[in-house]
């Protein structure tokens, strides 16, 4: 069939060009897109483009007391031509010209001079515009920050019994914004109180909470408040706290600081507070109801604060805090909801579309709650929801903004829409000069000129128009497809296009080649781990083309050069793609596909490689039926890797060691056909994690993923403390000591010790509770206690499940009285201007631990005396570093663990004067045989120096060695 003209004009031109063997084409404008769909364009500096924000205004807090007197709201955009700016406050235009003294513009920035709350507070928007359109910035608020002083009235004193909890109210003054931080001053600024397990300052209301008041808490307290936004601090009047001596014996925990239902934004850091009053001071524990705690959760401030960093949707849930002491517990829970600021799933981009075409501009945002969508065109509200154009017009061009908004805020996506009118052209997307196709295969010839509106398209071969048939199809995008290609299909193919702006055509030559075939395909191979396997592959192809081989494993290409430790290609034989798998591992098993390909076509053949080896890791490991010394594990079988599983090994790990240890099971051997087992002989109230490994005749496989951490049930202790003993201490005291039990023997919560003791000759035991698990010492005070009396003592552990066995009974003695006898025959001997020695007679008593010698200048105070202590074996001591020619007093007293006894009579002594400072002057030194005769001048002492009693002659012997 002969080519028919699209129009009479087009036919006349084309027939001349085609008969002459020339290409048929038309004049073209600037090509910017293809004939199918839209295309994102690159901004053209010569043609210009609409504004693009580079800086937008941000929320600003201006301190009311700021000395600067100026606020700047920043805005900067680029565009060609350069954008112009204007500002709006609360959706009203700001007239810069009529308020020059108050408002000014620096570039796109709005400067506000001497800001006033009534005049300037509000929401600000910057608009940037040029000839291409207008864009609107995000809204930014300007607020005025303040923190007023506390009222000056005195605050009432708080009187509370020792051992009872107390709350000191902060009651912060009016302020904005609500970003205060709180501390408390004790007595004098800046002596801030130190927070610990007993004291806590809530950062929600500023109150100071004391779980159990002690005598040392007495003082004047002031709440110190800081506004981080305006960097200002104020403090309240002092609140006197007066502990009363009537000590409380203890009370149940009472949670006074608790967190409310909380809404958090995705990615934020969330802080939850929980603090309880109680005696003893309660322990605070956190958990998430029916779920594990987030991995990013961190407990601080002695348990009072739970911080969840970078919170995620899966962290949403009910959180609980529990306060517990040995008198009971209190519990609080509240829900934490995780929501999200809007974020783009798909935002709009600068786009060019044909005039008259349909256009759907997708703009999708995520958020919680789900954002609503609206559109602005050139800064003015335009549309809500999905934006669609049934037939684009030139006036639809402009700057568009897609706005996604929920209760947490809004986001903008800006883009420019250009509507194109363009004659067809192949200049920027020419057709290929030649297309190769294999016989029996498929050929696709593309025709994608740029044109707007979409052109009409006709294909021809020579002078024959091509129409769709069983083997030939023209696709919507203009491509020509030929299937089951034969040698007769070779030839020239021309694509003609036309729209209301012009015409064009282009030609491609189709060449046919022989098809590629695999003549020796790979076969299935079965090997054991560590063996080699050979996958064969031999192919035939068109001799004019190069042939390459690619191997796939389970559909993914194998990088033979990268993994040459396990793969090798046979490259010595032409057209041979044989693959050798060396030292095969389990990961090498699967379906291997040989792909023989040329630039025109390819052929494939596949075979399976089976690798037998140890089993794979079991999956789905769960811990069930948790008891105090046992749990039940369930799992699902992993791959047996073509060899039946014979048995399983279960391992456990605790905080006591980073290493995994084999766990005991019932029965001892876990058969390979089961998928559950009971683990026994566990430690009560211990946190465990488990893993499991399968074994077959080829070895033990990799372990499963560790189970979720669990804690076994508690039980009463079954081990008694060791090395119970004691004795000594201060007067009227009985000191009892033991070695605390390690954590793995606590077996439960609220762990502590029961200490029992009685005089040796009595029957009734006295018992006291020591609630601190790490304590190994208890001191009993009794004014009626007889010094050095014989006692029997024993200790046992307890927890919330019960009490354990008592230790062996030990014999100890109560503390001795302080010595009552004074040392006798005390003497002082002055040795020099800086030294003296003191001696005395021993006191014959086994209760004496040692002696204390005091000495002080007569002009000084006795309370500031220097002290030297020596053991009871000593009867003298040397006093050093004394001052020359100084009058001193000294005495001696005996001491033991109970205290220091009465001192001896005070002795007075005077140190010698200082030695002469003048050096003797040597007059002569004469050698006489083996002797030296030395003469010198006498030294005369000054009035403040001691008398010269003699001279000491010292010599220095120098030896020289001669080396030959």
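Cβ from N, Cα, C; glycine included.
Pulled from TrEMBL:
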| type | residues | note |
| --- | --- | --- |
| COMPBIAS | 705-719 | compositional bias 'Polar residues' |
| DOMAIN | 51-143 | domain 'Ig-like' |
| DOMAIN | 149-235 | domain 'Ig-like' |
| DOMAIN | 253-337 | domain 'Ig-like' |
| DOMAIN | 342-418 | domain 'Ig-like' |
| DOMAIN | 424-511 | domain 'Ig-like' |
| DOMAIN | 516-610 | domain 'Ig-like' |
| REGION | 703-728 | region 'Disordered' |
| SIGNAL | 1-27 | signal peptide |
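Below 8 angstroms of C-beta separation, residues 292, 617-619, 621-623, 626-629, 631, 633, 635, 638, 651, 653, 660, 682-693, 734-741, 745-749, 751, 753, 776-777, 793-808, 810, 812-815, 897 of the same chain, each at least six residues beyond the ends of the region 'Disordered' (703-728), sit close to that stretch. Comparing 51-143, 253-337, 516-610 for CB pairs under 8 angstroms to the domain 'Ig-like' (149-235), the maximum falls on 253-337. In the predicted structure, the domain 'Ig-like' (424-511) carries a mean pLDDT of 91. Under DSSP, the residues of the domain 'Ig-like' (342-418) split into helix, strand and coil as follows: 3 helix, 50 strand, 24 coil. Across the range of the domain 'Ig-like' (424-511), the DSSP-based residue counts are 3 helix, 48 strand, 37 coil.
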